Amino acid sequence: MDIRTLALFSILLGSLCLSEGKPVSLVYRCPCRYFESNVPKSNIKHLKILSTSNCSLQIVARLKHNGKQICLDPKTKWIQEYLEKALNKKVKT
């Protein structure tokens, strides 16, 4: 192998090692980009509350009738009440 081929191979190998893991676009993407605000509480099977350093409070709900996951607006009144009750329960225990 000549020196140019070896140098090129080393550079390519180095760039592969640096690109391991998730692409930058996936690392910083928040799970919720759109929020639903008019979903009745009775249509929700369960909620997941997500909070990451890169994203604001994210609330993901699974719907009863079709199992679809949607993101709920955390500013919705019934969600704020739900979160307040959940936090109060956690503080008491």
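Backbone N, Cα and C atoms are what each Cβ position is placed from, and that goes for glycine too.
Fair warning: this is a prediction, and the values are worked out from it, not measured in the lab.
Features reported for this protein in Swiss-Prot:
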- 1-21: signal peptide (SIGNAL)
- 29-33: region 'Receptor and heparin binding' (REGION)
- Cys30-Cys55: disulfide bond (DISULFID)
- Cys32-Cys71: disulfide bond (DISULFID)
- Lys41, Ser42, Asn43, Ile44, Lys45, His46, Leu47, Lys48, Ile49, Leu50, Ser51, Arg62, Gln69, Lys85: heparin binding site (BINDING)
- Lys45: site 'Important for integrin interaction and activation' (SITE)
- His46: site 'Important for dimer formation' (SITE)
- Lys48: site 'Important for integrin interaction and activation' (SITE)
- 60-64: region 'Receptor binding' (REGION)
- Lys64: site 'Important for integrin interaction and activation' (SITE)
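Structural mapping of features recorded in Swiss-Prot.
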{"residue": "Cys32", "record": "disulfide bond", "CB count, 10 Å": "19"}
{"residue": "Lys41", "record": "heparin binding site", "CB count, 10 Å": "12"}
{"residue": "Lys45", "record": "heparin binding site", "CB count, 10 Å": "11"}
{"residue": "His46", "record": "site 'Important for dimer formation'", "CB count, 10 Å": "9"}
{"residue": "Leu47", "record": "heparin binding site", "CB count, 10 Å": "15"}
{"residue": "Ile49", "record": "heparin binding site", "CB count, 10 Å": "13"}
{"residue": "Ser51", "record": "heparin binding site", "CB count, 10 Å": "9"}
{"residue": "Cys55", "record": "disulfide bond", "CB count, 10 Å": "14"}
{"residue": "Lys64", "record": "site 'Important for integrin interaction and activation'", "CB count, 10 Å": "12"}
{"residue": "Cys71", "record": "disulfide bond", "CB count, 10 Å": "19"}
CB contacts for Lys48 (site 'Important for integrin interaction and activation') [other CB atoms within 10 A, all chains]: 12
Overall pLDDT for the region 'Receptor binding' (60-64), taken as the rounded mean: 94
Shortest C-alpha distance to Asn43 (heparin binding site) - which of the recorded positions Cys30, Cys32, Cys55, Lys64, Cys71: Lys64
Largest inter-residue Cα distance among Lys41, Ser42, Asn43, Ile44, Lys45, His46, Leu47, Lys48, Ile49, Leu50, Ser51, Arg62, Gln69, Lys85 [record-listed heparin binders, Å]: 24
Count of other CB atoms lying within 10 Å of the CB belonging to Cys30 (disulfide bond): 12
Close in space, distant in sequence - Gln69 (heparin binding site), Cβ under 8 Å, 6 or more apart: Val60, Ala61, Arg62, Leu63
When distances run from the Cα of Cys71 (disulfide bond) to each of the binding-site residues Lys41, Lys45, Ile49, Ser51, the nearest one: Ile49
Around the Cβ of Asn43 (heparin binding site), the count of other Cβ atoms that are within 10 Å: 12
Cys30 (disulfide bond) versus recorded positions Lys45, His46, Lys48, Lys64 - nearest by Cα: Lys48
Residue from Cys32, Cys55, Lys64 whose C-alpha is spatially nearest that of Leu47 (heparin binding site), among the recorded positions: Lys64
